[in-house]
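*Asks:* Below, the features straight out of Swiss-Prot:
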{"type": "BINDING", "residues": "G79, 82-83, T87, 89-92, 107-115, S119", "note": "5-phospho-alpha-D-ribose 1-diphosphate binding site"}
{"type": "BINDING", "residues": "G79, N110", "note": "anthranilate 1 binding site"}
{"type": "BINDING", "residues": "S91, E224", "note": "Mg(2+) 1 binding site"}
{"type": "BINDING", "residues": "R165", "note": "anthranilate 2 binding site"}
{"type": "BINDING", "residues": "D223, E224", "note": "Mg(2+) 2 binding site"}
Amino acid sequence: MQNILNKIYQSQHLNKEESYRLFKSISSGSITDITLSSILTAMKIRGESKEEIIGAILAFSECVKYFPKPNYVFLDIVGTGGDIKNTINISTASAFVAASCGLKIVKHCNQGVSSTSGSADLLKRFHINLHASSKEHRKTLDKLNICFLFAPKYHDSFKYSNNVRKILKTRTIFNLLGPFLNPAIPPLALIGVYKKDLLYSSIEILKSLKYQRAIVLHGDGTDEVTLHNTTHVAELFNGKIFSYELHPKDFGLKIHDKKIFTKTSLEENYYIINQIMKGKGDKLNEELIAANVAILFKIFGYEDLKSNTKLALNKIRSGDVYKHIINVANMLKED
């Protein structure tokens with residue numbers, strides 16, 4: 001193990017096998033907090049390689065408590081976080097809109113570590129019981145098209161790194177692992193990454209994990225579609241990888257001069273999204289969520305982004321999404 005640590009401290013990349021060994025030790029709690037802190041910091045400064053990410057994924061995947069997989073097609077929408085923008089939870093809001101439109105979504109979620117509030121923090125604010133049994137969550141997926149898999153419940157091995165991550169308060173390789181460790185093993189995925197450099201390595205990882213179709217995107221410094229600038233996309237389709245750019249006009253939308261609102265607290269995040277889901281949100285955030293939902297439809301095979309965006313906007317402005325959220329919360333109510 002010391003040889004592996006020395007390589008990291010000398011700014012050398014690990015191969016897949018070395019990374020697997022390292023993260024196997026981390027997942028079993030064999031690495032002290034001080035050592036783990038130095039590992040994560042050193043890897044962050046020099047940048048994590050694709051081989052290191054795959055090795056870590058393989059190590060943690062051996063510890064996952066798997067979710068009962070449906071026999072129908074479903075998708076995960078997730079961002080790496082760590083873009084330091086403190087934007088509202090677009091992916092969580094988009095998941096609810098997509099489910100209201102009939103798409104099957106199994107969202108892997110967690111509490112905020114490198115952001116003001118993670119998806120799990122927001123979901124709890126909407127009174128969604130993340131600690132319900134897998135059977136109950138599967139029921140909401142079957143009947144209401146959506147369920148949320150709370151990472152700590154399915155990834156017990158992450159507990160050994162949580163304290164260090166909270167102390168560091170910055171993005172680390174763990175931001176890159178979550179999107180590839182959904183306990184339901186979805187065949188489809190939309191992943192937002194915090195920097196453009198991660199696009200190609202992320203889509204290659206999805207290909208190696210045998211995803212049927214997936215899109216990885218980065219927009220204007222965020223891990224979401226942007227309506228302020230160019231969205232950079234890497235897509236996996238029929239075993240081939242494509243790279244392209246998207247602009248607001250591709251969604252039938254105009255460029256927004258102002259950038260997306262940022263939130264300073266969980267309560268502000270909740271209030272903004274609550275209003276949007278009730279059909280009372282501001283135009284920018286409505287359109288931003290609709291554009292992300294349009295990408296979800298595309299992954300499911302509905303290729304017309306403009307039609308997809310229009311459908312999503314109509315659903316958002318109807319207020320039906322909020323009713324859908326309430327139905328999900330009621331189905332998962334604690335006795």
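Here, residue 1 is simply the first one shown, and the rest follow in order.
Backbone N, Cα and C define each Cβ position, glycine as well.
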*Asks:* Count the other Cβ atoms sitting within 10 Å of the Cβ of G79 (5-phospho-alpha-D-ribose 1-diphosphate binding site), across every protein chain shown.
*Replies:* 28
*Asks:* If one looks at the chain holding S91 (5-phospho-alpha-D-ribose 1-diphosphate binding site), which residues at least 6 apart in sequence have a CB under 8 angstroms from its CB?
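*Replies:* Correct list: I77, V78, G79, K107, S119, L190, G192, D223, E224, N292.
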*Asks:* Need the DSSP three-state call for T87 (5-phospho-alpha-D-ribose 1-diphosphate binding site) to compare against my parser.
*Replies:* strand
*Asks:* Give the distance between the Cα atoms of R165 (anthranilate 2 binding site) and Q111 (5-phospho-alpha-D-ribose 1-diphosphate binding site), rounded to the nearest whole Å.
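*Replies:* About 12 Å separate the Cα atoms of these two residues.
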*Asks:* For H108 (5-phospho-alpha-D-ribose 1-diphosphate binding site), which residues of its chain lie six or more apart in sequence with Cβ-Cβ distance below 8 Å?
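*Replies:* Residues satisfying the criterion: D76, V78, L149, A151, G178, P179, L181, N182, P183.
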*Asks:* I'd like the Cβ neighbour count for Q111 (5-phospho-alpha-D-ribose 1-diphosphate binding site), meaning other Cβ atoms within 10 Å of its Cβ, all protein chains included.
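*Replies:* I count 19 other Cβ atoms within 10 Å of it.
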